[in-house]
Amino acid sequence: MFCFKLNISKTIFTKSFIVSKTMHSSVSRNYVCMQQVPGFTIDEMQKTADQSVQRYTKDNDALNKRKGKGVAIVWFRNDLRVHDNEALFLAWESSEAVLPVYCVDPRLFHGTYHFGFPKTGALRGQFLMECLTDLKRNLQKQGLDLLVQHGKPEELLPSLAKTYGAYTVYAQKETCSEELNVEKMATINLEQVELQCDQPNFRVRPKLELCWGSTMYHIDDLPFDCMLLPDTYTQFRKSIESKSAIRNCIRMPNSLGPPPDVKDWGCIPDMTELGLEQIKVDRGMKFIGGESAALSRVFEYFWKKDLLKIYKDTRNGMLGPDYSTKFSPWLASGSLSPRLIYEEVKRYEKQRVANNSTYWVLFELIWRDYFRFLSIKEGNSLFLLGGPRNVKANWSQNQILFDAWKNGQTGYPLIDANMKELSATGFMSNRGRQIVCSFLVRDMGIDWRIGAEWFESCLLDYDPCSNYGNWTYGAGVGNDPREDRYFSIPKQAQNYDPEGEYVSYWLPKLGALPKEKRHFPGMSYIKPVVVLRYGNTKKSNTPSTSRGMSAAGGKSNDSRYKRIH
Ligand SMILES: Cc1cc2nc3c(=O)[nH]c(=O)nc-3n(C[C@H](O)[C@H](O)[C@H](O)COP(=O)(O)OP(=O)(O)OC[C@H]3O[C@@H](n4cnc5c(N)ncnc54)[C@H](O)[C@@H]3O)c2cc1C
Ligand SMILES: Nc1ncnc2c1ncn2[C@@H]1O[C@H](COP(=O)(O)OP(=O)(O)OP(=O)(O)O)[C@@H](O)[C@H]1O
């Protein structure tokens, strides 16, 4: 396996770069190959998850009463968990038997809308299958199972409703047009089905019951109508923090059975069935999919490693599992409920310490909520070139420049290292995402949607609202014009990777250079494909790379961006 030496320095992120004992007990602390997140064995994960699920389960099953008859279907979408799952709870409460279903929708494995990248890249495909395997196991533990079917939900669900005589299909509500179209078609097709009921000559048409479940603040608890969502994040945050409360997790019953009589529950597809190639992660972080891994990561980050109390100081790191929570892949697949994170933060604050860092995780989760609600207000404008503000600008679709960015061959180690990490692991830090986004749109002048679709393909944590929301902000077309920011590579390198450790992790040849040369290696590295718009914004002795016109056609050193980071 490919290994190299990592120098332990005193920079913010390396302080929090703790090598997982489980994975590397026999490996010297200084040699890092791949780190699994969370750093537990499968058995440890299941044990940890069982304990967490127990905490979020009703103490006494007698307190939960089932009120309905017959079979209810739960259509699992981006809510791949048993804990705090309203659709699952309502289906259980309103029936005698629950049929949990996942539809492997072929459209998820086609191309992205404009530029045709695989809509679900191989690493996210693998992660998703791990989520399904774990969900099946967790449902089995609670007396149910997961029916896995291949096809479009709007075609499969009516046929299942008919076969099992289910009056209601419960599912979690989505907010972007692709998913809304599926909801609409499923509703229409379910209404075409006629089911017999107890009363003679009376027919029932099954319906789709959608419930809210993706955010920390419930949509019904917002102090304003979603269409009147404030235009700035700060206004939004202050308003909800002062006027709304976060609901507790739904305490699920201990047992969710019995299941209906199903002959063949189906298998979780393997990668070849999805038309995807298996990719082995052997550098950086390997995330394990599923609710058990998600709950274990919460335990690991908050309780075992006790990192929550320093989150605000470390969150801008780029290297290793521990500078930030790494909750996002599980939040995006719904293997982790944001309300469970909230309850765990509050428990930590009571038992250990409450400080700026413990609050800041909630502050970041409110950003996630904001982008979700924004997608309702802004609709498809989030995906359009001009964004919510309908900004008119000239964008390039230069294939050579885009390929250099995508493949990590721009000649700027900070960009290249981040893009290599994304391809190799499906993850990139928030700091890295902001830098590579700014570089693509501002230094290269490339149509931001190409970058957003590349992220859509690669990211384990891809979520349409957070991805397109952040990209529109990064491209300066988002609803808040104050977010129009330029990220200066020399400055970012100096502030966030001063010793060049991150770049030499992903570009090992740079490790041989003196630290001060790692970000600007000159002739010993690829020639920069564009000049930077603001090459001279660094604080110290890094040579300026700004010479005349940028690839985007703008003059260097102009004053378009008031905020240079
Ligand atoms: C161009 C760009 C594209 C992005 N695309 C996505 C995406 O598709 N899916 C996604 O989940 N995040 C996206 N983000 C936001 C952010 O980068 C990731 O959520 C974060 O890096 C995940 O790492 P973490 O869980 O360790 O975050 P932490 O720092 O530990 O934060 C905790 C949680 O807060 C939320 N959060 C933090 N920052 C943001 C943010 N800027 N926007 C929304 N939520 C946030 C996430 O749910 C995260 O898990 C994007 C950011 C940028 C700049
Ligand atoms: N979940 C999603 N992920 C990525 N892109 C999305 C998502 N939902 C919607 N979009 C984007 O929104 C845009 C419009 O989507 P869609 O085609 O579903 O809308 P529509 O109202 O049917 O429009 P049209 O039929 O004119 O294309 C596209 O750019 C599409 O990529």
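Cβ atoms here come from the backbone N, Cα and C positions, even for glycine.
The FAD binding site annotation in TrEMBL covers TYR311, 324-328, 364-371, 461-463. Under the heading compositional bias 'Polar residues', TrEMBL lists 537-548. Sequence annotations record features per position, and here TrEMBL assigns domain 'Photolyase/cryptochrome alpha/beta' to 70-201. Residues or ranges marked as region 'Disordered' by TrEMBL: 537-565.
Annotated features taken from TrEMBL, shown on the structure.
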residue	record	CB count, 10 Å
TYR311	FAD binding site	24
LYS326	FAD binding site	22
GLU364	FAD binding site	17
TRP367	FAD binding site	16
TYR370	FAD binding site	23
TYR462	FAD binding site	20
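Among the binding-site residues TYR311, GLU364, TYR462, the residues whose Cβ sits under 6 Å from any atom of ligand 1 are GLU364, TYR462. The domain 'Photolyase/cryptochrome alpha/beta' (70-201): residue composition by secondary structure is 59 helix, 27 strand, 46 coil, according to DSSP.
Secondary structure at LYS326 (FAD binding site), as computed by DSSP, is coil.
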